[in-house]
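What follows is one structure encoded as structure tokens, with my remarks underneath.
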Amino acid sequence: MIDENHPMRAAGNFFGRRHGKPLRPHQSNLFEDLLPRLKLDLATPASQDLRSLFEAPVETVRMEIGFGGGEHLHHESGRYPQSGFIGVEPFINGMAKMLAALDQAPRPNLRLYDEDATAVLDWLPDASLAGIDLFYPDPWHKRRHWKRRFVSDANLDRFARVLKPGAKFRFASDIEHYVNWTLQHCRRHAAFDWQAESPADWNDAYEGWPGTRYEAKAFREGRRAVYLTFIRR
């Protein structure tokens, strides 16, 4: 059964509601049958070589936190079959979209987790990831909720621990305040370097970027996206 209350959470409450529209029968079946085969088992200590997590042989491992409907993650894992991907999404309807996509086009280089991403970060070995993507995270607009934003000193410490030197942390948002917040936090953190040289480095989408449903909605409503890339020193 799907636990919509989802009692397991890590140190921070970084996401809001977990469930939207009721799932269709096929989607519920995918949660019962497909997700257990792809979900990381955090009760088992992580291997020092994360490549062993995947059915396909991979050279490096990347992580996407809060993949929404999975448009980018499914696209990227197909585009780079030599890389392993860990995707985390606590929102049940987003995970349902990803499972439906994987049911049609499987990715042997992809593993999933449907709870708090900080639990995965704390489970991973040191210097084990080649990249972390955080695209359009919940901005938590109200000041009293800013502490829930995923970009924080504590989570940047987590990123710094699990990222290899030279690895990328990529962040995209259409919320100017959150963009500035992320720039301030990353630029004052000793482990990260922002190497932008011109406005194109943050105004232009990432190479090969497929776009997302959320981004398309933001563009229709007149908002623009900013794409930041930080390098692990």
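A Cβ is built for glycine as well, from the same backbone N, Cα and C atoms used for every other residue.
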Feature region 'Disordered' in Swiss-Prot, mapped to one of the ranges 1-22, 133-154: 1-22
Same-site substrate binder from Asp49, Asp103, Asp174, given that Swiss-Prot records Lys142, Thr212, Arg213, Tyr214, Glu215: Asp174
Cα separation, Asp174 (substrate binding site) to Asp116 (S-adenosyl-L-methionine binding site) (Å, whole number): 23
Around the Cβ of Glu215 (substrate binding site), the count of other Cβ atoms that are within 10 Å: 22
Neighbour-count leader, CB within 10 A, binding-site residues: Glu64, Asp116: Glu64
